[in-house]
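So that you can see what the record holds, here are the features copied from TrEMBL:
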type	residues	note
DOMAIN	97-145	domain 'EGF-like'
DOMAIN	146-176	domain 'EGF-like'
DOMAIN	196-244	domain 'EGF-like'
DOMAIN	268-312	domain 'EGF-like'
DOMAIN	313-348	domain 'EGF-like'
DOMAIN	349-394	domain 'EGF-like'
Amino acid sequence: MSLTGVSIDSLCRPSSSPQAITAGCAGSGGTALTDSSTACESCSGGFFLFRGGCYKAGEAPGSEICTAASGGRCTACNTDGSYIFKNPVASPTLGSECILCWDTTGADKYTGVENCQTCTAPGSAGPATCSACQEGYFLSGQTCIQCNNACATCKTSASTCTSCPEGKYLKNSQCVETNQCTSDYYPDPVSRKCIPCGAAANEGGIEACATCEYDSTKGKPKCLTCTDGTKTPRTSLDGTSTCVAKTLDGCQGIDKELFMKQDQTCALCAATGSGNDEGTANCKTCTKTSGNKPACNTCKEGYYLDSSKACQACTGKNCATCNDSDPSKCASCKPGFFLKDASTGECIACDSTPDGGREGCSACSNTNAFKCTGCKPNYRRQQNGDASDDYTCTRACGDSKGHCPPPPSRRRQSSLHITTNCKPSRRRRSWTGCWGTRALRHAPDRAVLDGRGPLLAQMQAGGRLTPWRGLAGK
């Protein structure tokens, strides 16, 4: 699509639009724009000229570049993230008061460095001093060299990977397939790394574990064998794996969720088996003594322990626990529900307003009085009076699949919010429309993480302006 118009706060506006007029967008020598104009050559007031567009200083998205302006010029570049440096000359060319670290054209004999991400201003005319390169490049001297195709990011050399493309995992500075990340490693989908099974816990490993696998249902590694022959793997209900002594106490642990079988391996209290290795269906915790079956102590959510030490289902709706004297009455409720009255044992949805709940509430309690501790998607949480642990939930943005833009009063203060009402191949910023993912290679969420704003990310990627149609007046 061919875009006509000029860039005002990163939006493509018609040259005669109120936004272009307010920004003072004009042609060469202050001449009026025409319908075919595609760039501003000067701005006025609190707007500043940058790369052919006018931006409001100190307000998003212009604040990513400049925090103050006068007479259409930026007077204070935003150098906080080191993505921009101030043009050192006393009277810089109009629109070139701030120079991007990757701008190899620059102005007044000062330039950025190709593919540089962060930098400082040079001491004399010439390129900036680059301190870090853009994703996919590494710094060698003052040159950003591209990583090879096997790496997403690298350091010290093109083949020393620090992260990998989608579908690959980092193992010993190389990117490998999932099937090369097995046995004494497991593929961690969060870090996209092959984690050694026996790595320290704070590095994602399991102490003294020899072989393992990733449990996708629990989101944790599961140990299969231990390095020490006197130990055996123990994996609790929440998926936490450890290597413990091959003893009754070792398998039982503090949580008492497992017992030791006759083959000296650990099994969950609900495990099926035969003889003394037979657990109890739906049992959560148990105790085992030598030569006996494990005896169930407590049952899993939604079950109660009867007089024969078997776990029976509660008959009350949404019970987490109940009593054997009357299984239709809940003693506690599942998440998202609260116990209205102990005498009735009824569990009520947190958002059921006719029954004492609160609109939009997703997590709550009713120990002494009803308290809402969490809100559903599309609702904003606000403190309820002076209570630090009680909230009201206000519907925020209608049907937007759970992702809310900022409140109207703040929309001009932040462009970092993302919503999901764009097509899958496109991304949306709260008030700047949809960007093609090809144009906006570094998505806004990544930009937020590394410190850049969406405007800088878009400029770095060479993205096009957002069409003004349908957005005028926002």
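Here the Cβ of each residue, glycine as well, is placed from N, Cα and C on the backbone.
Proximity of distant same-chain residues to the domain 'EGF-like' (146-176), defined by a Cβ-Cβ separation under 8 Å and at least 6 residues beyond the stretch ends, is recorded for 115, 135-138, 185, 187-188, 191-194. The helix, strand and coil residue counts that DSSP assigns across the domain 'EGF-like' (313-348) are 0 helix, 19 strand, 17 coil. Confidence for the domain 'EGF-like' (313-348), expressed as mean pLDDT, is 94.
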